[in-house]
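First comes the structure, then the notes that go with it.
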């Protein structure tokens, strides 16, 4: 039984030619007297059956069993009851899912974030001036949002730190106004029964400032006669931690310049409010913290504080989050998630608006989670820097000098600590360094070593977020650097790592970001991945037929190499709609291998094949595009074999050109010949130079838009020179020998840095071409560096459905 694949937007069959009035350009050659003789590549119809037998033959071949044993998993995907897989993504459900995400992206404001019971309780404590709550809606929210066990906090993830500080704050607020005694007593009971459990909690997941804020709440509770075990050993330990931390707080500095201490004023004493009010944020808050701002208002009755709190309470219908706004954080992290999930192409316009927004608030000192902040952090700065640079915005690497001191990098200016995710995002950003950006070179070395050490100690736990698989994300990044990270490989792993709505952030309390951690994104990504994978499996079947029918094994191309060629193309150019680009890359790679394997040994044999190729084309033109193999000169050694392979090459180029003409009305036949002729001139002289440039040209020729006028552009020439130094087959061999691997990879890295600078700093007019160069270079770099991962990645990316 075979799997049936329904091809949406299928390539017209050759029989369509006879029934159409379209005139094919004269540059399509006619070989051996047939109307259009192309390298044989069948199975072009509206509904195509992907042969189980052919795939089974591939799996059972001794060669593949030796080289790629993990492909046996593909057998399990083609059982007797295998379902039909729809290739494409134009179903109504898929379109609606895309539309829903677009709606989210088009309506981003100050950030969607869950309400914090702790911060709401601080707002509820504010006196209107007449012994009544200034924010009765906050009191009401507390009363209506108690959990069934008597606590307050995140309802889906139980953390004693989170539940106890939220519960104590809410109990204090209700008792202060003598309201809702039943809820208050339930909360006290929960607190008394569970306070001892703090001893067993992981300090890494302790809320921000817990050791300062929690004792302060206990003092308020004691003052209003709330009966809790104040002499509990665990509370004594927390008091000791508070005193230690308070002694380390630079009181003089915190009153002069904005620091993260402004976020947690409610836990401090002996504050000079006249000085602190000068450090207030533009929106009236103290570093965007409702609880800190509520405490400040109680001490100062400042009208700007009150206005901020009123806006927050109104925005969240009575409650307030632990931090607000979070606009920059939300904009940046959404783009990152959509990009890593492999679905960003559906939202290009919306993503540009997101990044325009972030760039508008970018400063030389960096950014933080909210706009117009006087305090910046390395986490948001690194994430924004990476995305902005990737998308062509001009941002300076000097921004990271603000977070560096004596060779180390820190989360906040003036502090001396790191967080795993902060260093992870610094590491990711540092890999987009341009040559001569020493600060990023230092950042890469520091963050890599930091993460490596944390992984070795099994300490990949973060103080900012509880994630599904943070160790997996970091492990992937450490093993597959960005230069070698292919889009489909990253997405295949990230789909398994992304926790969606189950990921929880850690602030003063646990909180969630529904537009950042969204199950809808995950489901859309899974469906899109499976759609693309089905298309790839269909193409892989066609690709094998082309290989067999043209007997390419006779020219030294093994089946395992065939799969590697297709995989590199599909893992890089993965989109279903880019089939022409993907297939031309894969076939061109195989043909280069066949030609080099059969005729690359000596300059004479290379020259012989090159002459045969050019003679094929010249004869065709002399005979009005009709010629027969009998017209070819066969007096040179090996010319029969050369003639056959040249025929396969030209036939394949004809088919590529024909397919593009039928689907997009563009005739690129002569340009295909010229591109291969240019490659042969380099190959004839040097043996293995020019393959990278050839692949880029092939891909560009197959694009929907005509970019061929860039082939003579000085920028193109510079990029071509670089990629031809990266994409040298002899380098792969050296890279896989332990004694030369490090030296070879460093040499390639140097060229990759030049490539990144040229590709990412280019204007919109040349950007598509530049990114194509970068994509191809990354694929070659991946092949040289990641040989140990190749089998696993091929199996996972091409054959394992998500």
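Note that Cβ sites are derived from N, Cα and C of the backbone, with glycine treated the same way.
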Of 373-376, 377-380, 381-384, which span is tagged motif 'DXDD motif' by Swiss-Prot?
-> 377-380
Do me a favour and check the Cα-Cα span between residue 377 (Mg(2+) binding site) and residue 463 (substrate binding site); whole Å is fine.
-> 14
Residue 463 (substrate binding site) to residue 379 (Mg(2+) binding site), Cα to Cα, whole Å, comes out at 12
Hey, of the binding-site residues listed (245, 463), which one tops the CB count within 10 A?
-> 463
Which Cβ among the binding-site residues (377, 379) has the fewest C-beta neighbours inside 10 Å?
-> 377
Counts by DSSP class (helix H/G/I, strand E/B, coil) across the motif 'DXDD motif' (377-380) | 3 helix, 1 strand, 0 coil
Distance [Cα-Cα, Å, rounded] between residue 379 (Mg(2+) binding site) and residue 245 (substrate binding site) = 23
Once the DSSP letters are reduced so that anything not helix or strand counts as coil, what is residue 245 (substrate binding site)?
-> helix
Please work out the mean pLDDT for the residues of the motif 'DXDD motif' (377-380).
-> 97
